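S.K.: So that we are looking at the same thing, I have put the structure below in structure tokens.
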Number of protein chains: 2
Amino acid sequence: MASDFGLPANEHPETGFGVAAGPTLAEVGEGETLKRIFPRLPHADAELLGPGDDSAVVAAPDGRFVVTTDLMVHGPDFRSAWSSAHDLGVKAAMTNLADVAAMGARPTALVVALAAPLDTPVDVLLGIADGLRDGCALAAPGCGVVGGDLSASPALMIAVTAFGDLEGRAPVTRSGARPSDQLAVAGDLGRAGAGLWLLFRDGVASDGAGGERVPDAGRAAAVRDAHPELVAAQLAPVVPIALGVPAAVGGATAMLDVSDGLVLDARRLAVASGCSVQLDPAAIELEARALRELDPVVGDRAASFVLAGGEDHALLAAFPPGPLPEGFRRLGTVLDRSPASDVLVGDTPYAELGGWDPYDGWNGAAG
Amino acid sequence: MASDFGLPANEHPETGFGVAAGPTLAEVGEGETLKRIFPRLPHADAELLGPGDDSAVVAAPDGRFVVTTDLMVHGPDFRSAWSSAHDLGVKAAMTNLADVAAMGARPTALVVALAAPLDTPVDVLLGIADGLRDGCALAAPGCGVVGGDLSASPALMIAVTAFGDLEGRAPVTRSGARPSDQLAVAGDLGRAGAGLWLLFRDGVASDGAGGERVPDAGRAAAVRDAHPELVAAQLAPVVPIALGVPAAVGGATAMLDVSDGLVLDARRLAVASGCSVQLDPAAIELEARALRELDPVVGDRAASFVLAGGEDHALLAAFPPGPLPEGFRRLGTVLDRSPASDVLVGDTPYAELGGWDPYDGWNGAAG
């Protein structure tokens with residue numbers, strides 16, 4: 001089965017987290033493992049009935065709730081040679097919180113379904129719980145875990161479902177942008193993509209057998225030491241979740257989080273809204289320069305990372321003309337639908353798709 | 001990795017559903033697969049904003065929502081040699097709907113995160129979608145799927161998160177039972193356990209290599225033809241979800257769904273409520289007789305299946321003295337906490353634990 005994902009035989013994907021090997025799930029058992037996990041999970045202010053019953057009960061003060069779910073699977077979505085267990089918890093929280101924030105909602109609660117091989121050290125699960133806690137504390141204080149499920153599986157996977165409160169406002173969808181709106185972003189652009197590029201370039205070692213390059217924990221640690229911001233942006237991103245509500249209050253007409261790259265997600269917003277989007281070359285160059293100044297290793301690739309690098313989960317929004325809410329930077333303009341292209345950079349149609357499709361497969365050695 | 005679960009080499013767990021091999025996920029791609037799945041999914045009456053944006057929005061009229069999540073993984077939780085894709089969809093829906101109903105809530109919506117190997121035929125995913133639709137239609141009309149996520153993984157897995165509406169009532173927890181309450185059940189007892197016993201006994205074939213007995217699709221089909229009710233109860237249970245609300249309205253003091261066996265779940269209710277539970281031997285014998293009359297194959301094992309067979313997801317509840325809500329059958333009485341045992345059958349403490357722990361491992365040949 002592993003070969004479907006190009007997982008090399010010399011990587012033990014279940015226990016490669018670089019934690020001290022300790023008692024495993026099989027040794028500790030489900031009940032005791034849950035007992036150790038629960039006290040580490042963050043409490044949700046909106047929790048009316050917490051874990052331990054058939055279901056939890058969560059407050060939804062305005063009579064509605066926002067819900068999103070996102071699944072991370074070892075192999076296609078993360079590598080244990082690169083990510084710590086804590087990284088995984090942070091990223092699993094953050095990607096879901098970003099989807100809630102992108103509706104203009106305040107995140108209230110998470111439920112977490114986790115499946116792991118029986119030989120996974122319990123410490124890996126505790127590390128994930130700590131990451132969920134720290135991710136919530138950093139980006140969405142008051143949001144916590146109200147329930148979950150734990151199961152056995154051949155590969156580690158985490159399915160997080162996140163909830164949010166619209167506080168009486170209409171949800172900000174992808175489809176409300178109008179010509180003459182400004183396109184703006186809050187959060188990083190290009191860092192996570194540059195981090196992934198570095199990990200693929202320098203965080204791999206030659207497999208003795210076939211000579212194929214495979215993820216290597218030691219080399220990845222060296223990459224992280226040399227390029228901490230870029231690697232952290234990829235493995236444990238921190239997104240300005242708290243800017244989702246001010247964006248909605250500030251009149252955002254459309255919003256989504258940049259999970260698959262600026263151009264691809266700008267195109268989604270444009271298509272859903274029946275418009276086109278014109279990115280301002282000067283604004284893109286400013287973003288690229290900031291990325292180069294953060295870490296010169298990106299060099300000439302900076303603009304490509306800004307335009308096509310995925311997984312930053314920045315909030316991309318359209319606003320009517322006028323001052324932008326604090327934390328948002330102007331990137332361009334919404335235009336009438338152009339037959340030439342959904343996305344233009346200046347006057348040039350941007351043809352490359354960019355972005356990340358899990359069904360495009362996975363090549364552990366590809367750069 | 002497969003060996004962790006005793007998955008034999010001659011079973012191809014990803015494509016063993018007995019469906020006509022068709023185009024795979026890798027061939028069809030994520031976007032097109034989602035396009036084919038969405039029209040088959042059931043619509044939720046409570047949906048305010050459906051799939052296609054960063055999050056969905058669901059109505060929660062009384063300012064709260066009930067939420068539960070449950071994960072099914074190929075190997076520990078189901079076998080593709082035994083379950084059809086449609087079975088999986090029905091069971092994934094039903095187990096979660098039962099957790100909502102057990103709070104006394106009306107199920108409103110589901111979100112579904114699904115991961116599958118890239119060589120899975122798209123028809124398997126469509127079959128799962130049809131099962132989710134039929135499960136909702138059968139047991140919780142008006143409940144539907146409002147969002148989801150699709151990912152690649154080495155083993156097929158489905159994480160369903162389900163929501164419910166308490167309609168202004170307090171949730172019915174496990175902890176409210178009081179001495180002199182009646183213990184009662186709605187739904188089947190023992191059928192699913194008997195079905196699993198039959199599948200392990202007759203739905204396996206000898207593996208040519210080691211002589212180990214492994215799940216076999218042809219033999220399982222023969223078992224299903226000979227014992228349709230028992231096998232269907234295991235693979236695609238139908239639970240009286242609609243009785244959860246009348247139980248709450250009718251004064252249930254505690255409720256949970258019987259997922260791990262009557263005795264084990266009665267013990268949970270007893271411990272949470274600080275009581276003991278006395279099962280009435282005559283009531284248990286009535287249940288056993290009904291099971292024997294349904295299918296004589298269970299023979300002398302009938303009472304054991306009734307007491308310790310899991311996965312029926314019947315609703316087990318405590319009610320004050322008086323008439324029971326329609327559809328509930330009296331099984332026993334709630335007592336003051338007894339030092340002898342949390343669960344007694346007549347005057348005999350019931351010592352065997354029974355039930356199902358995913359971390360007890362998995363032995364494909366064990367009966």
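In case you wondered, yes, glycine gets a Cβ from its N, Cα and C as well.
Nobody curates TrEMBL annotations by hand; they come from automatic prediction.
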S.K.: Check each of the ranges A:1-21, A:190-210, A:211-231, A:295-315 against TrEMBL and return the one annotated as region 'Disordered'.
M.R.: A:1-21
S.K.: So TrEMBL lists A:Asp54, A:Thr68 for Mg(2+) 4; which of A:Asp45, A:Asp87, A:Asp99 goes with them?
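M.R.: Checking A:Asp45, A:Asp87, A:Asp99 against TrEMBL: the Mg(2+) 4 site match is A:Asp99.
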S.K.: Do me a favour and check the Cα-Cα span between A:Asp260 (Mg(2+) 5 binding site) and A:Glu311 (substrate binding site); whole Å is fine.
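M.R.: Between the alpha carbons of A:Asp260 (Mg(2+) 5 binding site) and A:Glu311 (substrate binding site) there are 6 Å.
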S.K.: Checking interface proximity: list the binding-site residues among A:Thr69, A:Asp70, A:Asp149, A:Ser259, A:Asp260, A:Glu311 whose CB sits under 8 Å from a chain B CB, in sequence order.
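M.R.: From A:Thr69, A:Asp70, A:Asp149, A:Ser259, A:Asp260, A:Glu311, flagged as close to B: A:Thr69, A:Asp70, A:Asp149.
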S.K.: Counting all other Cβ atoms within 10 Å across every protein chain shown, which of the binding-site residues A:Asp54, A:Asp149 scores highest?
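M.R.: It comes out as A:Asp54.
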S.K.: Would you work out the biggest C-alpha to C-alpha distance among A:Gly148, A:Asp149, A:Arg174, A:Ser259, the residues that bind ATP according to the record, and give it in angstrom as a whole number?
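M.R.: Among the residues the record ties to ATP, max Cα distance equals 32 Å.
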S.K.: Taking only same-chain residues 6+ apart in sequence, whose CB is under 8 Å from that of A:Asp257 (Mg(2+) 3 binding site), what do you get?
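M.R.: In sequence order, the residues whose Cβ lies under 8 Å from that of A:Asp257 (Mg(2+) 3 binding site) (at least 6 apart) are A:Ala98, A:Asp99, A:Ala101, A:Ala102, A:Val239, A:Asp265, A:His313, A:Ala314, A:Leu315, A:Leu316.
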S.K.: Grab the pLDDT values for the domain 'PurM-like N-terminal' (A:52-164) and give me their mean, rounded.
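M.R.: The answer is 96, the mean pLDDT of the model over that range.
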S.K.: I need the CA-to-CA distance for A:Thr68 (Mg(2+) 4 binding site) versus A:Asp77 (substrate binding site), whole Å please.
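M.R.: On Cα coordinates alone, these residues lie 18 Å apart.
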S.K.: Work out how many Å separate A:Asp149 (Mg(2+) 1 binding site) and A:Ser259 (ATP binding site) at their Cα atoms, rounded off.
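M.R.: That separation, Cα to Cα, works out to 26 Å.
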S.K.: Just how many other Cβ atoms lie inside 10 Å of the Cβ on A:Asp99 (Mg(2+) 3 binding site)?
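M.R.: The answer is 30.
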